[in-house]
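Trainee: Sharing a structure below in structure tokens format, with a few things to ask.
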Amino acid sequence: MESVVCQGLVLSAIFSWIVIACYFDVTKKFRSLLQPWVSHHVVGGTSTILKIQKHQHRFFDAFFSGLSCVVSVPFYTAFLPLLFWSGHGKLARQMTLLMAFCDYLGNCIKDVVSAPRPSCPPVRRLTATKDEEDNALEYGLPSSHTLNTVCLSGFLVCYVLSYIQSEDACVKFGAVTLGCMLVGLIGFGRIYLGMHSLIDIVGGLVIGFVILAMWLTVHEYVDAFIVSGQNVTSFWVALSFLLLFAYPTPEFPTPSFEYHTAFDGVAFGIVAGIQQTYHQFHHEAVPQIFTSQLTIPAFLGRMLVGIPTILMVKFCSKALAKWILPVVSNTLGIPIKSTGYIPMLNGSTAEKKSSEIKQSSYIHKMLFFSNQDLFDVDTGIRFLQYAGLAWSVVDLVPSLFSHLRL
């Protein structure tokens, strides 16, 4: 009973914040206070970036570009399923939820402040991949790469030290040193590549350490709730729904909300799947990699089965969502548009308003909070697509492993 009351209080608090932020236009008030100060430091930091880029070299270009890819969202998206299938389910689900929280909070701050990245030119901006080109369309503060690296590498170090239960001070010092070196290289690399100014890196460090400290305090409670709590799936449905609306309106359109929607769906899919299959596939006694119960060849077999399966589920989830959501919307009389997924819903009227409507107010996406004429169905499609992918990682694919004796 106490758990249900706490869930109700959490959802009520988020709903109340949405109403208050909408009514008092909180985002614009915060932006008017923070944006000029941050923008001043971005402009003032241009000289520092140019001094660093005077030492540009093809080796440094390749090194820092590759390092940025290794700690990017697509890399984590590919790495986390393998962590689940390796038998380290607790670490995998906690890192997934931490990643989703970092993505949500970091992108919220980006779009609240709406501070620019370093001006290019005079700064040389190196975007070696399509993912980096998309990142360059987002606002600058905080640096997501720095924030995510602080949180995920910091949590991984703490988890590993706890897992091996080593009391050797040299081991602890070495692990912390490696984590700090990685964070330092990522932060410096983002400046070298022209993607961020010094204030963005400092902001990512500060926010990252705050999130990490908070997560290390609550992660055991969160994990216990997910694996054995009451009404977990229904609570997470409501939470995911509210978090789609508890998002600030950026000054100009950015891809940040799309990333948040995707990870919101991933978190829901993971939680829903774990709730159903924890005692079958994700308990503490499951076989782990590098043991006689899960050898390297068996793990490679899991990869060969699992990766094509989750990609197929992602494709099918997207196709089903593109078919079902317009039907449901039309049945309920909700006027919709699509800015990318459904060409037939991207008519001339919707096209004129596409940027304005899609970004007009992420905090107003509920019918009773918005007076906009059309609602972007792409948000729901993206959410269901990634929820289906995440569910398959922890439910469908482990079931296949069980049948195939992998």
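The backbone N, Cα and C atoms fix where each Cβ goes, glycine too.
For reference, TrEMBL lists these features for the protein:
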| type | residues | note |
| --- | --- | --- |
| TRANSMEM | 6-26 | transmembrane segment |
| TRANSMEM | 59-85 | transmembrane segment |
| DOMAIN | 92-216 | domain 'Phosphatidic acid phosphatase type 2/haloperoxidase' |
| TRANSMEM | 145-164 | transmembrane segment |
| TRANSMEM | 171-192 | transmembrane segment |
| TRANSMEM | 198-218 | transmembrane segment |
| TRANSMEM | 225-247 | transmembrane segment |
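Any idea what these are sitting next to in the structure?
Mentor: Sequence-distant contacts of the transmembrane segment (59-85), counting only residues of its own chain at least 6 positions beyond either end whose CB sits under 8 Å from a CB of the stretch, comprise 91-93, 95-96, 99, 103, 126, 128-129, 131-132, 135, 144-145, 148-149, 152, 182, 185-186, 188-190, 192-193, 195, 259, 263, 266, 282, 299, 302-303, 306-307, 310, 393-394, 397-398, 401.
Within its own chain, the transmembrane segment (198-218) has Cβ neighbours under 8 Å at 38, 41-42, 45, 48-49, 98, 101-102, 105-106, 109, 115, 117, 140-151, 154-155, 158, 183, 187, 190-191, counting only residues six or more beyond its boundaries.
Outside the transmembrane segment (225-247) by six or more residues, the chain places 3-4, 7, 10-11, 14-15, 17-18, 21, 93, 97, 104, 107-108, 111, 257, 260-261, 264-265, 267-268, 271-272, 274-275, 278, 282, 362-366, 369, 379, 383 with a CB less than 8 A from a CB of the stretch.
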Trainee: What does DSSP give as the helix, strand and coil breakdown of the domain 'Phosphatidic acid phosphatase type 2/haloperoxidase' (92-216)?
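Mentor: Its residues divide into 92 helix, 0 strand, 33 coil.
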Trainee: Mean pLDDT across the domain 'Phosphatidic acid phosphatase type 2/haloperoxidase' (92-216), rounded to an integer, is what?
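Mentor: Mean per-residue confidence for the domain 'Phosphatidic acid phosphatase type 2/haloperoxidase' (92-216): 91 out of 100.
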